[in-house]
Structure formats: structure tokens, C-alpha cells
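What TrEMBL records for HIS116 is active site, pros-phosphohistidine intermediate. Feature annotation from TrEMBL assigns ATP binding site to LYS10, TYR58, ARG86, THR92, ARG103, ASN113. As annotated by TrEMBL, domain 'Nucleoside diphosphate kinase-like' applies to 2-139.
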Amino acid sequence: MRQRTLVLIKPDAVVNYHIGNIIDRYEREKFDIVAMRMLEMDDCIASKHYAEHVGKPYYQRLVDFMATDRIVALVVEGENVIERVREIHGKTDPKKAAPGTIRADFALSKTVNSVHASDSPESAEREVHVFFSETEIYQPNHDIDFSVFDGD
Ligand code: CDP
Ligand code: MG
């Protein structure tokens, strides 16, 4: 089933020059990047995006961390992408993340853990629209014949 998921590349991964490496892992799986933007997560966006975490003991630490520097928000599309991207990211706590996952490779702690991904079709639908309007999300076209533009 073709799905969309919301990915955030968190401040630690941006500051430590991992943006390209992280996006490469989705593209290697032939997942399509259909929307992308760099932004700073303020308290307002944080409380919308992390709505289910408001009031948790780690919430303020999480929000403060997410506002330390810019983040990259992406909509990633592909077959079974919600579950697959979470597998590529690894477990929340990098100490428990499988070798070769993004969090095992780059994350610094359970809070400072490099990436976010939606965990269900319902949260993907909600989270995508915290960051993007429907008109900012593109339809990938895999049927273009680029050879018609061949020139001298
Ligand atoms: O990101 P993921 O879905 O794996 O984990 P979550 O349980 O939905 O928590 C969201 C984010 O809150 C995590 O990615 C961590 O950055 C942070 N968190 C934390 O700092 N301490 C915890 N005990 C749990 C989560
Ligand atoms: Mg989560």
C-alpha cells in the first residue's frame, strides 16, 4: 500500500552534517521525497506536532531540544513507508536501536535522537498537515522520458 509519512531531521542531525546521509537512506529504498522544508520548531508548532506528549515528564526537555537549531521536515512517500521508515530509524533509545539504523549511527540520547517519523496512518495524516498544506505536497511522476530533452 502506498503511504505518506512525516519525517523530521532533528537539530542534532542537522548540526552534525547528517542531513544528506539521512535522506540518502530513504532514496536508496526508492521512497519519494514529495515535500521538504527547513524551519525552526517554536513552542506553537511543538505543541501541535507533539500533542500526545504534552504533560509527559520529558515534554519540556524535548521541546527545548527541538528549538535549539533548525530542523528539516519531509513528506516521504512509498510502499509501506510508515513502518519501513520507523525500521530505518531504529528504536527511540539509541542504546536499543539495531545496528545500522539512523539512531544507532547518529543519535546521542533518548531525547537527542536525530529523527522523527509518524507511527500510524492516522498520525501521519495529522502530522503531515502540521508542516505542509496539501498544495505543497507533490505527486511523484516516474513515467517521464528525459531523453526527449537530449541536445547537443
Ligand atoms: O520518536 P518515537 O516515536 O520513537 O518516540 P516517542 O515515544 O513518540 O517520543 C517522541 C520523542 O520524545 C522521542 O523521539 C524523544 O525525542 C522524546 N522522548 C524523550 O525524550 N524521553 C522519553 N522517555 C520518551 C521520548
Ligand atoms: Mg512517536
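Glycine residues also receive a Cβ, built from the backbone N, Cα and C atoms like all the rest.
Here the features listed in TrEMBL are painted onto the structure.
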{"residue": "LYS10", "record": "ATP binding site", "DSSP (3 states)": "coil"}
{"residue": "TYR58", "record": "ATP binding site", "DSSP (3 states)": "coil"}
{"residue": "ARG86", "record": "ATP binding site", "DSSP (3 states)": "helix"}
{"residue": "THR92", "record": "ATP binding site", "DSSP (3 states)": "coil"}
{"residue": "ARG103", "record": "ATP binding site", "DSSP (3 states)": "helix"}
{"residue": "ASN113", "record": "ATP binding site", "DSSP (3 states)": "coil"}
Of ARG86, THR92, ASN113, the binding-site residues listed, which put a C-beta under 6 Å from ligand 1? Please answer none if none do.
THR92, ASN113
Of ARG86, ARG103, the binding-site residues given in the record, which has the fewest other CB atoms within 10 A of its CB?
ARG86
In this structure, which of the binding-site residues THR92, ASN113 has the fewest other Cβ atoms within 10 Å of its Cβ?
THR92
Please give the average pLDDT for the domain 'Nucleoside diphosphate kinase-like' (2-139) in this predicted model.
98
If you count, for each of the recorded positions LYS10, HIS116, the other Cβ atoms lying within 10 Å of its Cβ, which residue has the minimum?
HIS116
Measuring Cα to Cα, tell me the gap between the residue listed as 'active site, pros-phosphohistidine intermediate' and LYS10 (ATP binding site) in whole angstrom.
7
Number of helical, extended and coil residues in the domain 'Nucleoside diphosphate kinase-like' (2-139), per DSSP:
61 helix, 28 strand, 49 coil
Which number gives the other C-beta atoms within 10 angstroms of the C-beta of TYR58 (ATP binding site), all protein chains shown included?
11
Pairwise over LYS10, TYR58, ARG86, THR92, ARG103, ASN113, annotated as binding ATP, what's the top Cα to Cα distance to the nearest Å?
21
